[in-house]
Amino acid sequence: MMEWWNSLSPTVQVWLGGVLKASLILVWGLINFYLCLMLERKLSAWMQNRVGPWRVGLWGWIQPVADLIKLWVKEYIRPNNVDKWLYLIAPFIGFVSANLVWLIVPFGDKLIATDFEIGIIFIAAVMGYDVIATFMAGWGSNNKYSMLGAMRGAAQLISYEVTMVMAVIGVVMMAGSLRLSDIVLAQQQRGFLGWFLFPQIIGFIVYLIASLAELNRAPFDLAEAEQELVAGHHTEYSGFRWAMFMLAEYIHLAAWSAIAATLFLGGWSGPTLGQVAAGLGNVLNGFGAFTNPVGTAVLNWGLAISGSTILNWVAGVFWLVLKTYFFVFLAMWIRWTLPRVRIDQLMDLGWKFLLPVSMFNIFLTGTLRYLAVAFDGVPISIGSFTLRLLGWWL
């Protein structure tokens with residue numbers, strides 16, 4: 001296989017590699033859509049004391065497939081007075097922008113589709129496509145409810161995009177890089193204590209709230225508030241084109257959760273199978289107090305496989321997916337718990353509270369980074385800095 005690949009010209013290798021990466025990203029996006037949709041339906045049923053889907057497949061786990069087939073075969077109805085091209089293209093722009101985020105998500109050491117040096121800037125650029133898709137859908141539908149939803153959505157997305165980017169700047173300052181893989185490596189120095197969640201707790205909270213608004217998730221789903229706007233910019237869509245918006249929404253949810261896990265929870269960092277086996281072997285051997293044949297065998301096996309790239313990649317994917325779906329669960333929990341806010345409350349929260357708080361976080365991070373030079377140049381949090389300052393003064 002490698003001989004055949006090496007026999008190809010560099011141009012063909014680039015093209016085939018691009019097609020393979022795009023195909024894998026598309027499949028991964030659809031897998032996340034399936035998992036998120038099923039998890040949403042099960043969690044909502046659990047929180048509302050219902051059973052949820054359980055008839056189609058084992059415990060209802062094929063229900064999302066049945067839903068997609070139903071929407072695929074539904075009659076396509078396009079109103080006569082729509083702007084044809086804007087109306088048709090909008091769902092696909094939203095779907096493509098959702099999948100583009102996965103291009104720069106690192107799943108392991110060198111396990112990444114495209115390791116951009118300006119990964120954070122790429123994320124900010126991709127966010128702009130959501131605004132375009134939302135406004136195109138509202139304008140192209142030529143419907144008052146769609147237009148109102150699109151205007152709300154555009155204002156909301158633009159406002160919270162600024163806040164989200166400002167919240168991430170603190171992480172960039174601590175890592176010293178815009179590359180997501182470098183941000184993960186910067187969090188590996190002290191295990192989970194090195195996660196940026198702790199020194200960047202302010203930025204994390206701001207990012208979490210802003211991402212819910214960016215994803216148009218409750219309690220910030222004002223662009224499609226059913227009680228006010230029928231379905232917002234989705235009003236005139238039906239069948240599979242409506243399903244494209246739903247695909248984009250859930251793929252976006254998983255993608256932004258993966259970004260949060262990468263920025264604040266160490267990304268793919270975590271114990272590998274070899275490290276777990278070696279640790280278990282040390283426990284069975286009493287940490288050197290005595291020798292146990294089983295413990296020695298487990299220890300040697302763990303040390304032997306600790307250098308396996310494939311197993312380390314599997315462990316990286318496992319930890320990233322686990323952390324990602326922690327955020328997915330959190331977003332769904334919030335959706336089915338909190339009531340929807342008003343549009344004026346949403347805008348006030350973004351511009352008058354979250355944006356100033358994120359700017360304060362940048363100032364605080366810069367100050368602590370500057371003062372940390374006096375304490376061996378170690379990135380520090382507010383609490384650890386206070387303790388070190390007291391120790392230095394005393």
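In case you wondered, yes, glycine gets a Cβ from its N, Cα and C as well.
The feature transmembrane segment is assigned by Swiss-Prot to 19-39, 85-105, 118-138, 157-177, 192-212, 245-265, 286-306, 314-334, 346-366, 371-391, with sequence analysis given as support.
Remark: the transmembrane segment (192-212) makes no contact with the transmembrane segment (118-138), by the rule of 3 or more CB pairs under 8 A.
A Cβ distance under 8 Å defines the sequence-distant neighbours of the transmembrane segment (19-39), meaning residues of its chain 6+ beyond its ends; these are 53, 60-61, 63-65, 67, 98-99, 102-103, 113-114, 246-247, 250-251, 253-255, 325, 328-329, 332.
Tallying C-beta pairs under 8 angstroms between the transmembrane segment (346-366) and each of 118-138, 157-177, 245-265, 314-334 places 157-177 first.
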